[in-house]
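Features reported for this protein in Swiss-Prot:
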- 27-46: region 'Disordered' (REGION)
- 68: phosphoserine (MOD_RES)
- 69: phosphoserine (MOD_RES)
- 87: phosphothreonine (MOD_RES)
- 90: phosphoserine (MOD_RES)
- 101: phosphoserine (MOD_RES)
- 104: phosphoserine (MOD_RES)
- 105: phosphothreonine (MOD_RES)
- 110: phosphoserine (MOD_RES)
- 124: phosphoserine (MOD_RES)
- 133: SUMO2 cross-link (CROSSLNK)
- 134: phosphoserine (MOD_RES)
- 139-212: coiled coil (COILED)
- 226: phosphothreonine (MOD_RES)
- 240-418: coiled coil (COILED)
- 456-793: coiled coil (COILED)
- 532-696: region 'Interaction with BBOF1' (REGION)
- 627: phosphoserine (MOD_RES)
């Protein structure tokens, strides 16, 4: 193996559920010396700490007697192309240690190449899905742009409708004004006649009032004269009293007649005001009715326009919904493809992780089997050594019994250790059998999972066939749509050519119409200028009429004031007359107080005369104002008649010109609307044709790309399924072969263990029989020794008795060989 001092150690800590792929360069075949060196190094080499998803139960390996504990000694597994060293982890840190040079295989390289291919294919599918998502986003953006365009169009339509309503309102106002002017012109003649009649009535009433006022003034003058005479004459006669009473009665009559004339004048003025108010109310009512009729017509027209716009909006919404449905189907297909891809990826990763785990577990089982083989070989060597030692012991037993006793005790201890080790081995074998059963159950679970995966693969294949059928149906629908669009294109091209011919013909007929229209515009401008002049004249006349009306209202107010003052004067006069009557009736006897009363009456008469003079002046001013107003009204009536005649003539001309202009405008509007509609229809159809062509090209490209992607995905899926099947079958075969090998090895180890147990039992029996023989021999030798000692003692006693105690006996005892042969105490 290579020198690993140059490369530093690499420690990787990963979660338990994440699979780890380790790529390591392949090493040359290791030599025996290098393997021994690497075995001695242990944890000092370049190692990788990999936390596996499945924790392996780490046990302390069995150590033969006479060696130290191998808790931190690594296990080694060698193969001609590979080498693997594993240091069992401590109980505190369950971390498996692997060498970087022990996991490099050609299968891993091929698997990683396949994984890279799968990743590339997945990236291509992700790119395709991203393209589809971007296209869906583009379609969403186009839909949002279309919605915004529709909203802008709606706002423009609302603005246009508002402008149309304003223009229509202005037109209605202008029409109402023109109609009012016409009605005023029609009603002026009747009003003139009615005014003349009212003027005559008012003049007659005013003359009557003036006459009554003059008569009252004469009566007042007569009263003044009589009062003056009474002043000069201190005594009143019966004639004077009669004249006073007559004059008073005449005054009362004149005042009553004046009151009646004033009442009639007030009634006439009230009737006139009521008539004017009723006429105004009728005019306002007619105008309101006309406005209501026009508003109803405009409302109906706007409702029709709104219905048309609602229909267009509904059609556009239906198109948008169709596009949304298509986008939803596309997004659902993309989501299903993504989910299928993710599911397949997850399954592939899970299966690869399970395969890697199974490979690691199989390698661990092989290592444990190799360890068991090494331990069995060590046990066999130990048994051979024990046999050799037994032979040696047999040879040495003959030489020294005491040494055999000590060795027998040692051998008994060693036999006890062997019994303990055999019990441990039995436990280890039972654990190995339990692990084998667990591996068999796991293998059965893997087989079941494989069956489930095969069922899922069948379901996925069915789903792929369904998707292919759906794609074929979509392609057929797209072909049908494309054929229908091509037919529409042909129709629209034919209609476009017809519209072009009609447009050229209309353009040819449009030039003379433009000349006529320019002439009509000039005439309309002239008429508008004349109409503006007439409108200015009419406004001036209206202002003058309003001024005269205001002046008439002021005069009527002044007349009402005069009436009120006259009433007040009449009331005061009545009160004074009644007081005078009472005074005359009560104070006829008291003639002494007449001068005071006369003075008071003279003062009151002077005040009344002053008031009458003021009223006369006011009457004169009012008559002058009324005469001025009459002259102004007559002059304005003449002007109004002239203006009416001119206006009627201008109206006739305006009507004729407006009829001509309306006809020309209608024709122009019809032609312009037709041209605009034709141009819009042509532009829309060209845009629709262009968009349809672009959509056809895009959809054909999308269909082609999707078909290619589906074919490639289906082929890749089939290849992957076949490869996974082949890999699973090969792995199953390898696992079955390994399991069979392990079972054969277990059976061999079991037979070897049975043989070892039998040999051990035989050895124990032989050893015990030999021990019994040795014990028997020892007892025999002891008995012979005792008998010999007894015999020697007998001889001693006999020699002592025969020869007596002397030096001869002592020397004889020291030199006797039997004494030397006896074992030391």
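All residue numbers here begin at 1 and follow the chain in the order shown.
The backbone N, Cα and C atoms fix where each Cβ goes, and this holds for glycine too.
Calculated from their C-alpha atoms, the gap between residue 133 (SUMO2 cross-link) and residue 124 (phosphoserine) amounts to 14 Å. The Cβ of residue 134 (phosphoserine) has 10 other Cβ atoms within 10 Å, all protein chains considered. The modified residues recorded for this entry are 124, 134, 627, and the Cα of 627 lies nearest to that of residue 226 (phosphothreonine).
There are 14 other Cβ atoms within 10 Å of the Cβ belonging to residue 124 (phosphoserine).
Between the C-alpha atoms of residue 134 (phosphoserine) and residue 124 (phosphoserine), the distance comes to 15 Å. The average pLDDT computed over the region 'Interaction with BBOF1' (532-696) stands at 72. In this structure the alpha carbons, written CA, of residue 124 (phosphoserine) and residue 627 (phosphoserine) are 109 Å apart.
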